[in-house]
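Novice: According to TrEMBL, the protein carries these features:
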type   : residues  : note
REPEAT : B:10-48   : repeat 'HEAT'
REPEAT : B:164-200 : repeat 'HEAT'
REPEAT : B:203-241 : repeat 'HEAT'
REPEAT : B:242-280 : repeat 'HEAT'
REPEAT : B:281-319 : repeat 'HEAT'
REPEAT : B:320-358 : repeat 'HEAT'
REPEAT : B:359-397 : repeat 'HEAT'
REPEAT : B:398-436 : repeat 'HEAT'
REPEAT : B:476-514 : repeat 'HEAT'
REPEAT : B:515-553 : repeat 'HEAT'
REPEAT : B:554-588 : repeat 'HEAT'
């Protein structure tokens, strides 16, 4: 349960750096192929077991992948629910199915176009072998059920289907009466079958039930079970499930709403940072997530670089936070860009709920939920871009929202960067692991091993480390950074060292 | 393909449509399942229809829900109680689907069937089903199982009973919060069937687990269990086991749990009895009234009267009244509003002296509250005030409050106060009403908002009913009729509406002498809308007045209108004429 113990209990000495290998790619681009805007991946999420992976794209589609290297036969389902799963070889996935989750819409009242782009996907509790997930675009959250259905054929009807059903080509003209009995107004035609109509005691032998032949063929059906709409005035940036299995939150720029999964027509506003006068607005919500096990705790990040943890038990409207995590600004370093680059683009709870990982434009920060004086570790991701902030501001890249993720064991963290690169850092005490990988079939191609350096303590807090500040070399090699190819979305497998990341329309998977 | 002869045709269609592609047709067939069963006969229903339904359970939720419901009343169609067990398999599969409402309905139907089943059948079929569900692989099955124990338990032999209790206790500790929630919800029902010794040991330990659950949503439901269990236990056991739990819950970290306690408090008090209520629950309740979460205070404030009823006046004055005073100036308008709607009920409990001395100031301050909801809630309970302190004391503060509400800029507030005017009138009496409120009632007839004018017309009618035609002749009719000359046609229309409502109350004489001439006069209006409304009003007056008046006055007017250049006027005039014809034919 306690993350601190887990980390502390790790074998003496920092864990070895991982050797990352390419595993799979889906939707690889051929040289010179142009990427269609709608195909660009905008969300990635593993489910709790790590047996399924979902991606969402700008075209409003959700694509599901399933793991193939473990058999799910023989494992009692109850154990699946408990997420205990034998560890096999490195995870391999195959395309499972896809469905159109959102369509472009137009809000006529506000004269606003609503993009179909999937902002976030979250998996829900599986039940009866069906998969459930939440997907959201800017305004509307949808609850999907994906289930394998056996193909069924119906035969042996009482009536000749070609004659009986009004949709046959001959039926409508030749037997108008039958049509009426079938389609038109069924209630009227059954009227005389009321209670006064007497059936012989043994029943009518000439009647029979349709025979349903179930074939071994199955097809996957995705059905939208609920639509949670009209609750957000601003763009939804996050959805997150509660550990109680019945509620979830959705966050937009200014508000966080609490929903019951089964009730789509009402939600409760639990955080509202909208000032009375919009001109006083200085801070917006950028990301929000429930604690993985404490049903009453949730964290949200802001554009000013702070993370607030709130306790739902305290009050119905949680405008006052229980805990605030922010790093005091270094004196004298303030510039025009300070506030922009301080904005947190993503936060994630570690699986045990003890740590929170946050990503701002320049760094990854790991926070101990029990220590609000500052992050326990800071990893420099984009330090080399500091001289270029002006250019980045000009071309809007400074507003790119990079996601971050933690490994299931909480020992490593990862986040994306430009030129389709992503970086993995070890966050166990004493670890100096800092790897840069490229989302390609040869992830180590452009990687220059950073020399291990003893971590530099920034304060009296023992575990504060700052690493990766050194130029990753790529830039030094003269390779100009490509700000158009950015790796924003990535996810770490919940139980194994496997990362899925999105480079434009391609999904790359790596393992170590 | 089979040949189906003519009378069987509809039933054949019905059966085929069980598998139609159109969900509406499938739904329709499922709803007529009893008809299909009767057509097939009991034996084939058992051997074919029921297995068929069991196999075809991957349908849409709506169809499954309908199926779960139909099967609950299916015993007569399978050949009576001795065959009831054949209905269990299809319902069992419906208990596992992931849609909650389908599962709930299936559980409900299973309970209904189980309650009728013979004891040996319960042991042979129902209990094994329950055990399968309780050990189900998916949480959905386990959730459903919790709702079946109270049916199975009483018929089980001793050994099985022990097993069932163990099973339930496992469900109370399930990994899935959904299962624990279901176990908490159903604990009371199950406990009611368990024998007293086991109740004290087994059930109480399950209850204990649930009250310490780390999911708020589970503890929340355990609160309700307190009341249910408390009623089953002996008073001393209740005090020993339930009371501390309630007191703990009332200080729970989660406001939702405290809210639940505040909401359930009355039932909880009933469960523990009057003595412990006074000694232990009063402090708990006082805490809830002073809770820092407004939602909790709202729930607590709304129960203040019910709670005081259990106490004696001394305790109420000592402990509760100070809190009530605080709540009356609470920062949340919803708290004040909740308080305002119940506070007058405290008067009889406190007695006249305490009421006038302590309650009245609170009451008056709420009556001057800045939020209309609070004032409205006070006024809506005016009859209770009247009983205790009499209207004289109040009239000074009441009147400004009413006038202010009557002129509130939100039309919904005005609407709400209009609805209370007849009640006020009856409480205040004619004298008071004439002086102060009569003018207001007329003013509303000229409101800018249609709903207000409409309600005002209705109000005029209700006042006439309350005080009688003579009074209305003096105080309402002349004023109303005056307004028929208003330059705006919408206001003239309101008056016509008021006339049509007043006429039945006033009787035929006044209608003929006072109301009818005004309406006839209005038929010369230049606005067509007024004219066709005249036609409608005249039509409504026909049954009230004498036939001779219809012939002499109404019909000529209608005939004239039926030749109007405006098509709508002609239409309604013709309608009215036709109805007068029918009236004549019937009376002849």
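Using the three backbone atoms N, Cα and C, a Cβ is placed for every residue, glycine included.
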Novice: Sort out the residues at least 6 away from either end of the repeat 'HEAT' (B:398-436), same chain, that have Cβ-Cβ distances under 8 Å to it, and list them.
Specialist: 367-368, 372, 375-376, 378-380, 382-383, 386, 391, 443-444, 447, 449, 451-452, 455-456, 459, 462-463, 465-467, 471, 475
Novice: Per DSSP, what is the residue count of the repeat 'HEAT' (B:476-514) in each of helix, strand and coil?
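Specialist: Taking the repeat 'HEAT' (B:476-514) as a whole: 34 helix, 0 strand, 5 coil.
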Novice: Grab the pLDDT values for the repeat 'HEAT' (B:398-436) and give me their mean, rounded.
Specialist: 82
Novice: Using DSSP, tally how many residues of the repeat 'HEAT' (B:10-48) sit in helix, strand and coil.
Specialist: 34 helix, 0 strand, 5 coil
Novice: Would you mind splitting the repeat 'HEAT' (B:554-588) into helix, strand and coil residue counts from DSSP?
Specialist: 29 helix, 0 strand, 6 coil
Novice: Sequence-remote contacts (6 or more beyond its ends) of the repeat 'HEAT' (B:281-319), Cβ cut-off under 8 Å?
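Specialist: Same-chain contacts beyond the ends: 243, 246-247, 250-251, 255, 258-259, 261-263, 265-266, 268-269, 272, 274, 326-327, 330-332, 334-335, 338-339, 341-343, 345-346, 349-351, 354, 358.
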Novice: So what's near the repeat 'HEAT' (B:554-588) in sequence-distant terms, Cβ-Cβ under 8 Å and 6+ beyond its ends?
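Specialist: Residues packing against the repeat 'HEAT' (B:554-588) from afar: 516, 520, 523, 528-529, 531-536, 538-539, 541-543, 545, 547.
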Novice: Counting only residues 6+ away from its ends, which parts of the chain sit with a Cβ under 8 Å from the repeat 'HEAT' (B:164-200)?
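Specialist: Non-local partners: 127, 130-131, 134-135, 139, 142-147, 149-150, 152-154, 156, 206-207, 209-210, 213, 215, 217-218, 221-222, 224-225, 227-229, 232-233, 237, 241.
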Novice: Taking a Cβ cut-off under 8 Å, which residues six or more beyond the ends of the repeat 'HEAT' (B:320-358) line up next to it in the same chain?
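Specialist: Contacts with the repeat 'HEAT' (B:320-358): 282, 285-286, 289-290, 294, 297-299, 301-309, 311, 313, 365-366, 369-371, 373-375, 377-378, 380-381, 384-385, 387-389, 393.
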Novice: If we skip the immediate neighbours and take only residues 6+ beyond the ends of the repeat 'HEAT' (B:10-48), which ones have a Cβ under 8 Å from one of its Cβ atoms?
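Specialist: Residues packing against the repeat 'HEAT' (B:10-48) from afar: 4, 56, 59-60, 62-63, 66-67, 70-71, 73-74, 77-79, 83, 86.
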Novice: Counting by DSSP secondary structure, give me helix, strand and coil numbers for the repeat 'HEAT' (B:515-553).
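Specialist: Across the repeat 'HEAT' (B:515-553), the residues distribute as 29 helix, 0 strand, 10 coil.
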